[in-house]
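Student: For reference, the structure I am asking about is given below.
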Amino acid sequence: MGLELVTSGKNLPEEINVVIEIPKDSEPVKYEVDKASGAIFVDRILSTPMRYPCNYGYVPNTLCGDGDPADVLVVLPLPLVPGSVVRCRPVGVLRMSDEAGSDEKILAVPIEKIFSGYAHIEDINQVSSHWMERIGHFFEHYKDLEKGKWVKLDGWGGAAEAKRILTESVERYNSDAP
């Protein structure tokens, strides 16, 4: 099945579908899903011996300023299988840039039906500071040993900013679609 058949979400931007590419706490391998075929490719092996602190994926049928779909960090105590789709609520955004330009990461929690443990989280200020520190540390350092690559963190934004980014990314995707 081509992943283009998976929608961005039923009630965007309040609820989004996230295709998982990298499970939480997995080996330091950067996977990327080929959007047309659905195949999971190894993009690269991270040079730093670090594990992703949360499940990492993207929202289908979105297009951000960097030319890629919207990246999403799914806060959940368990790893999810690559290629799985999880319905989430955006609660914040990690503002960052790298050698290729702006590269925001939407922070999301699963909807209550999937995991009720985070049903109370509506905005970034309700996310554990421990989670936020782990995520920030990972993204600030995961490219440290890769030549010509760098990352700069520009702080956190709330749910309203995350939802604005998602809305704009869907509009950009729709305006660029053939």
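Any Cβ shown, glycine's included, is placed from N, Cα and C.
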Student: Of the candidates Asp25, Asp34, Asp103, which does Swiss-Prot annotate as part of the Mg(2+) 1 site that also includes Asp66, Asp71?
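Tutor: Swiss-Prot names Asp103 for this Mg(2+) 1 site.
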Student: Given that Swiss-Prot assigns Arg44, Tyr56, Tyr142 to the substrate site, pick the one from Lys30, Lys35, Lys152 that the record assigns to that site as well.
Tutor: Lys30
Student: Using Cα coordinates, what distance in whole Å links Asp103 (Mg(2+) 1 binding site) and Tyr56 (substrate binding site)?
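Tutor: Given the Cα positions, Asp103 (Mg(2+) 1 binding site) is 14 Å from Tyr56 (substrate binding site).
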Student: Count, for each of the binding-site residues Tyr56, Tyr142, the other C-beta atoms lying within 10 angstroms of its own C-beta, and report the residue with the smallest count.
Tutor: Tyr142
Student: Around Lys30 (substrate binding site), which residues of its chain at least 6 apart sit with Cβ under 8 Å of its Cβ?
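Tutor: Spatial neighbours, sequence-distant, of Lys30 (substrate binding site): Ile22, Val42, Asp43, Arg44, Ile45, Leu46.
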Student: When neighbour density is defined as the number of other C-beta atoms within 10 angstroms of a residue's C-beta, which of the binding-site residues Asp66, Asp71, Asp103 has the lowest density?
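Tutor: Least crowded of the binding-site residues Asp66, Asp71, Asp103, by Cβ count within 10 Å, is Asp66.
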